[in-house]
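K.L.:
For reference, the structure I am asking about is given below.
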Amino acid sequence: MSGLLGAVLVGVGGGVGAAARFWLADTVRARRPDGFPWGTWIVNAVGSLLIGLVTGWFVLSGEASPWQLLLAVGVCGGFTTFSTSIVETATMLRGGRPVRAVVHALSTLTVSVLAVAGGLVLVAAALG
């Protein structure tokens with residue numbers, strides 16, 4: 001699907017995902033005020049798992065539908081945030097915390113890739 005309907009589905013899903021990201025990251029930040037960007041880290045890990053599950057379902061089941069645009073590209077795309085993670089890493093570097101910055105960058109990337117892969121594996125196992 002493409003065109004106007006696809007753009008609307010992605011836009012609506014993206015708005016829902018971004019609002020959920022803001023709420024979750026803000027909630028985590030309030031509970032973990034240690035200066036490490038746990039909110040963004042958790043959002044990206046959870047969002048990557050969801051992207052793996054949703055994408056796996058549509059790819060492996062062969063059911064291409066507008067739901068894939070809404071859920072995977074829209075909601076999950078709006079929920080995860082690579083750019084915020086990079087800004088947080090750069091802020092830690094500028095703040096004289098290079099080790100924390102490297103740990104954040106590498107762990108975000110590693111966990112996110114593993115979460116997507118895990119979601120794909122779970123769906124493959126479920127669909128047998």
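Cβ coordinates come from backbone N, Cα and C, glycine included.
Values in this document were obtained by computation on a predicted structure and should not be read as measured data.
I grabbed these lines from TrEMBL:
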- Gly77, Thr80: Na(+) binding site (BINDING)
- 6-24: transmembrane segment (TRANSMEM)
- 36-60: transmembrane segment (TRANSMEM)
- 66-87: transmembrane segment (TRANSMEM)
- 99-127: transmembrane segment (TRANSMEM)
K.L.:
Considering only the recorded stretches 6-24, 66-87, 99-127, state which has the highest number of Cβ pairs under 8 Å to the transmembrane segment (36-60).
P.N.:
99-127
K.L.:
In DSSP terms, helix, strand or coil for Thr80 (Na(+) binding site)?
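P.N.:
For Thr80 (Na(+) binding site) - judged by DSSP and reduced to three states - the answer is coil.
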K.L.:
Go through Gly77, Thr80, the listed binding-site residues, and name the one with the sparsest Cβ surroundings, counting other Cβ atoms within 10 Å.
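P.N.:
Looking at the binding-site residues Gly77, Thr80, the Cβ with the fewest others within 10 Å is that of Gly77.
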